Amino acid sequence: MAPKKSSKTTPTTTAAALNLSDSTTELVFEKGVTREYVKSTLSDNVLDNRKVSSMSERALVAVLALFAAIVRFKDLKTPDSVVFDEVHFGGFARKYILGNFFMDVHPPLAKLLFAAVGYLGGFKGDFEFAKIGDKFPTNVPYVLMREFSALMSVATVIMMYLTLRSTGCKPIVSFLTSSLLILESSNVTISRFILLDSPLIFFISASIYSYKKLDVSKPFSIGWFRSLISTGICMGLALSSKWVGLFTIAWIGVCTVINLWFAIGDLSVSSKQLVGQVIAKGSILLGIPAVLYLAFFAVHLNILTKEGDGGAFLSSAFRTTFTDTTVPKSTYADVGVSSLITIRHLNTNGGYLHSHDHLYEGGSGQQQITLYPHLDDNNKWFVELYNVTEEPLEFVPILDGTKIRLRHMITSRRLHSHDVRPAVTEIEWQNEASCYGYEGFEGDANDDFIVEIVKSLSTTGPAQERVKAMNTVFRLRHAMTGCYLFSHETKLPKWGFEQQEVTCATQGIQPLSLWYVEQNNNIYLDMDNAEIATYPKMTFMQKVKELHQRMWKINNGLTASHVYESRPESWPLLTRGISYWRADGHQVYLLGNPLVWWIASFIFLPFSIYAGVQILRWQFGSTAVDNSVVFNYNLNMFEFVLGWFVHYYPSFLMDRQLFLHHYIPALYFGILALGQTLEVLHSHVFKNRKYLSYAMFGLLFAGSAFMFLERSPLIYASDWDRAKCEESKLAAGWDYDCNIYPESSLSSPTFEAPQVTQQPIIDFDQAIKLDLQQQHEKQLKIEVVPVVSAEDPVVEETPEVEEVVEPSFVEETIPAEVEDSDLNSTTEESSTVAEVDVEQLKTEDSDEPKKEADDQIPLRDEL
């Protein structure tokens, strides 16, 4: 809150005497030519007294670190099995070590750090972290990886102490507030396992400390530049761990603007200095995080050189950059009459235009048309002219505006549309797309489609005039009805094997009606001299862009309900926790320390009331602030409450799944605000009655310690008895299971402990074991011989989010199709060019009917 202009004609200084008889706060008015102003910089004496320089205070910090280490490192080997999201982040560390690409919604830094710790500890990637409850073999350094998380949390406690000291808090207040963070149960829980939260909170805390040091440093001094660069680095590390770091960057940006506003009012600061500060802060605080963010993605991509299970989420052009890709890399470029082609949808994950000998259960009841993500004979189509059934005598290219028909290679039925509503999307502007006819049938007018090349999206040159594989993007307009072949992320029911729906739309957005040819072969081409189409090499920035498109899409698709989800309005109240692990009569349950949590969450209320009263008094002529301690409290409290709001409020704007642990970054700001409140009470309100502040400190610490110890079995998975467990529940929503404990600590359980039922935030059970192609092969029991061909760089290959399994992960279904049992095709392999008519899937002879199976592809949740 800005102070009211003083009526004094000479500079006036007010300072609060603090410990060691030194001042750590300062409020200086100086008289200018036309007005008085407040100095925006602090004196050297004040700055010196905000540093941890004395041996006694360094010893105090060492005690604090030891206290934090005891709490966080206690019995990290328990449980000796996989807990909660260790399934994923341990699994991701394994994939880094093996070099297998994976898809996750979070940036890579924190995962890279865990992978590095595991690698240095001797982890060879031979343990899969497959599911919660899996016992760790002796050769897996899981304790070391958990110790890294705990170390980050200990460092966070030290960051809080240093931050409070840099804002002018006394050592005793800084020590007490940091001790409350040590005893905050949810922070302890997340620090004991292989989770991203602990590194994230540390990087956020380091960003706050660096910024507060910058805020009180003299502009353009060595310390100022050091703090400025450190702030940029720490913000970059936070952003590179989780996108929550964006909120921290936004908070520091707003605080920087406020700081510059104060500097503008300081007449001792020249315009040249102001411009210099704007340039320096803008370039460093934005440039360094951006460079670091991209650098860690570069490391991420350089390590993950194998396609792995995550490759299914990427475009074909991206996938061809992996060393073991199954994606065809080249094909014949010129598409013409009699070409045997595969067609891919451009802007969804559905995959290939596909048909199979199964009928719609609704609509016309004709043969189904879908999108299917795997290489398969049922994806192949012959190109015919609409009015010519005889084979041409030479190669005839497909030009812009050519009217064609597409005949399905396996069933000999043609792509067809008519004025019939689709079986699933029964809306007026959608027509059904089907396959119609039989072998020998010459077709009818409803089989006719006109090729419309989208020149703006096609490669400049011949690909804008005639259809070329990979390089030409086109639409297929139905000649009779004028609708366009269309697909969207809507799945057919079980009778359609949950494959992606294809319709013919008279309306709808253009991107969903865009297609391209991926593989092409034509017997009339001069094979020796024919042009070969290959993917253009993707640049690093193109890869980063595509990754973020996938990450953003997955993150926004997490809208299904979940048993442990919660809404932001419930978080400050701590109405419910999250079950992390339960087995053998013990459990781990994420829950905050009620006393610390509730006070830190609602500390903004008394400040808001106080600030409102002060503003009203100011409006009626009273002096707003005339005490340095109160002035310092107002500034820091405003910034920390703002930080709490910036990290908390965006959750209300999200329609996706949210969980209690999303509140922990905001809680950190709440505890900092609590520290400022304790400081103003100690140094101003109880200035002449210190015994009251010491009594308050003692009660607060004792109450927090009691709350922590009472529920510590939920943190450490230690022994407990049922009565104490039940007594510890202060809210009806605290649903940790007390029935797993014995009646008393002296008796043994007389029941069978339930098996682990918790699930991680994402379900990657299948993806951890096999990549997508391997799963497909295993389910179909076929042998797939890879071929060389090509695909478009922006096509997605995985379907939309289907079902959320646990707090922040979802599982996605990609069906796999088995060909007709009596089909027995052969496969040949080419070293340079893939010929579509020889890319057959080999199946075993069987009398069983044709089946469609499901491949499970999980997606990552959490912002």
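Quick reminder: no glycine exception, Cβ is built from N, Cα and C everywhere.
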Among 87-103, 223-239, 512-528, find the range that TrEMBL records as transmembrane segment.
-> 223-239
Sort out the residues at least 6 away from either end of the transmembrane segment (595-613), same chain, that have Cβ-Cβ distances under 8 Å to it, and list them.
-> 1, 180-181, 183-184, 186, 571-574, 634, 637-638, 641, 644-645, 667, 670-671, 673-674, 677, 700, 703-704, 707
Using a Cβ-Cβ cut-off of under 8 Å, list the residues of the same chain that are 6+ residues beyond the ends of the transmembrane segment (223-239) and lie near it.
-> 107, 109, 200, 203-204, 206-207, 209-211, 213-214, 217, 245-246, 248-249, 252, 280-281, 284-293
Using DSSP, how many residues of the domain 'MIR' (464-520) fall into helix, strand and coil, respectively?
-> 8 helix, 27 strand, 22 coil
By Cβ distance under 8 Å, which residues at least 6 away from the ends of the transmembrane segment (666-685) in the same chain are close to it?
-> 16, 18, 25, 156, 160, 163-164, 167-170, 172-174, 176-177, 180-181, 184, 186-187, 201, 204-205, 208, 592, 596-597, 599-601, 603-604, 606-607, 627, 629-630, 633, 636-637, 640-641, 643-645, 647-648, 693, 696-697, 700
Any chance the transmembrane segment (633-654) and the transmembrane segment (143-164) are in contact, meaning at least three CB pairs closer than 8 A with a sequence separation of 6+?
-> no
Take the transmembrane segment (284-304) and find every residue of the same chain, 6 or more past its ends, with a Cβ under 8 Å from one of its Cβ atoms.
-> 95-96, 99-102, 107-109, 112, 228-229, 231-233, 235-237, 239-240, 245, 249, 252-253, 256, 310, 540, 543-544, 547
Six or more residues out from either end of the transmembrane segment (143-164), which same-chain residues have a Cβ under 8 Å from its Cβ atoms?
-> 52, 61, 64-65, 68-69, 72-73, 76-77, 90, 93, 113-114, 117-118, 120-121, 173-175, 177-178, 181-182, 187-188, 190-195, 198-199, 201-202, 205-206, 208-209, 212, 668, 671-672, 675-676, 679
Going by DSSP, how much of the domain 'MIR' (395-454) is helix, how much is strand and how much is coil, in residues?
-> 3 helix, 25 strand, 32 coil
Residue distribution over DSSP helix, strand and coil in the domain 'MIR' (332-386) | 3 helix, 29 strand, 23 coil
